[in-house]
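Below is one structure, written out as structure tokens; the observations come after it.
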Amino acid sequence: MSGAPSIVWLRDDLRVADNPALAAAVERGRPVVVLYLLDEESAGVRPLGGASRWWLHHSLERLGEELAGLGGALTLRRGAAERSIPSLIEETGADAVYWNRRYGAARQTDAALKSRVIDDGLEATSFQASLLFEPWTITTGAGGPYGVFTPYWKACMNRAEPREPLPAPTRIEGIAPGGDALADWTLLPTRPDWAEGLRETWTPGSAGAHDRLEEFAEEMLADYHRRDEPDLRATSMLSPHLRFGEISPFEVWHRIRYGLSAAAAKNRDKFLSEIGWREFSYHILFHHPDLATRNYRADFDAFPWTTPEDAELDRWRRGRTGIPIVDAGMRQLWRTGWMHNRVRMITASFLTKNLQVDWRTGEEWFWDTLVDADEASNAASWQWVAGSGADAAPYFRVFNPELQAKKFDPRGEYVHRWVPEVGTDEYPEPMVDLRESRQAALDAYEAVSAARSSRRAARSP
Ligand SMILES: Cc1cc2nc3c(=O)[nH]c(=O)nc-3n(C[C@H](O)[C@H](O)[C@H](O)COP(=O)(O)OP(=O)(O)OC[C@H]3O[C@@H](n4cnc5c(N)ncnc54)[C@H](O)[C@@H]3O)c2cc1C
């Protein structure tokens, strides 16, 4: 095979199957450079947290093996995209670059790069791969973005069915211009090695993702109506695989859409609507690229968040608050890099309401510790719980962790699994009184709302 090579720049799409950028490069019939760039510098790129770095290491390892099995190779480079991509083009003589689209603030980097490559007379093409519905294609009757999930998802469901997944290439004519060794990126923790629980829980890579999907469709989807029970394995645990693009939402969609048992089929639409929440989070992020740092609802800018001592915050981070369900969730997160959705809501509500700590503090901790830490879903969900977000639970709806535990973990199995010392002298007293702290949060919110109403009244004629 000869001719100028094509570059495939992989980002959140670490897979060979259903990868339109890779498929286009292979189809072009020229040698292919498959690149992953560790870019911690470009505008809009948020450096990965610790758990995500662990995941990335293993995911890249698997992907390298898969590419090698097809005749290709994975080139690893480090640096800002705006420098690294042009220099790789020059070095290899490539005349085309392909990538799958990103939807957060980093898309500005992509847009600038695309113009530059095209201005140089070369090809740069981007593809839809990570979302079923691209954010700008779903609009309200008035032509604007949605701020509420139900009508948003209804509009999506009125669209044509998402396309079928693309098969993996059968052969890749790869060239490897030389790059970094994965180990030199030191993505894995060493001193201390805190990743034991992650290794026990996860198999990063596309094969692990497809195994999880198959197991879920065959065995767990039938129990998905009990998905709020944290001790039951009723959810898919696909979130980190989707986050890194080891499996595409199109692959998930088409596997779940057809060929299920009758018991599983009953829960199908509910499950697909959760995939819809992921889409909705990206819809919000696309229209609010600063979602992780700025209140979606500006009236929350005046909220009097408290500034806790680090030691106090550490009680929440390490699962030592004295509220068993909160501690169980925070310890599950620390150990496995994942927390059950219901408990994410409870722990986030406890931080933002009972402790009145700014949601951004919680978002950052989750960003560092979750293997599925996702720039759209994490920020949108934190804001949703805090009350400052799109389609948010109202601020005055404060989760009562004790009632939540009674309802969703009635036999205390989840709590006992993660907090074995609960009920003994070793277990700490609650760090706040739940009733008093709830009232204090409501009073603070009342004060902000009253100030806002009086400002509005003063402005109106
Ligand atoms: C405070 C907070 C922070 C969160 N941070 C993240 C995050 O960083 N990354 C992340 O992927 N999810 C996040 N979520 C959403 C949700 O908790 C996880 O997606 C879910 O627990 C993953 O488990 P699962 O794969 O078994 O879910 P399933 O129930 O099997 O759902 C299937 C898929 O749908 C998507 N999904 C499900 N629920 C949601 C939701 N509420 N919002 C967005 N997508 C959803 C995920 O991709 C998930 O893998 C957060 C929720 C809260 C309350």
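Using the three backbone atoms N, Cα and C, a Cβ is placed for every residue, glycine included.
Unlike curated entries, TrEMBL annotations are predicted automatically.
Here is what TrEMBL says about this protein:
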BINDING   Y224, T235, S236, M237, L238, S239, F271, D372, A373, D374  FAD binding site
DOMAIN    4-132  domain 'Photolyase/cryptochrome alpha/beta'
SITE      W305  site 'Electron transfer via tryptophanyl radical'
SITE      W359  site 'Electron transfer via tryptophanyl radical'
SITE      W382  site 'Electron transfer via tryptophanyl radical'
Per-state residue totals over the domain 'Photolyase/cryptochrome alpha/beta' (4-132) - DSSP helix, strand, coil:
54 helix, 27 strand, 48 coil
If I take the alpha carbons of W359 (site 'Electron transfer via tryptophanyl radical') and W382 (site 'Electron transfer via tryptophanyl radical'), what is the distance between them in whole Å?
6
Specify the count of other C-beta atoms within 10 Å of the C-beta of W305 (site 'Electron transfer via tryptophanyl radical').
16
Pairwise Cα distance maximum in Å, FAD-binding residues per record: Y224, T235, S236, M237, L238, S239, F271, D372, A373, D374:
23
Among Y224, S236, L238, W305, W359, which recorded positions lie by ligand 1, judged by Cβ under 6 Å to any atom?
S236, L238
Given the binding-site residues Y224, S236, L238, F271, A373, state which is nearest to W305 (site 'Electron transfer via tryptophanyl radical') when distance is taken between Cα atoms.
A373
Going along the chain, which residues six or more apart from L238 (FAD binding site) have their CB under 8 A from its CB?
A209, R212, L213, F216, I247, V252
Does W382 (site 'Electron transfer via tryptophanyl radical') have same-chain partners at least 6 apart in sequence with Cβ under 8 Å from its own Cβ, and which are they?
A348, T352, W359, R360, G362, E363, F366, G389
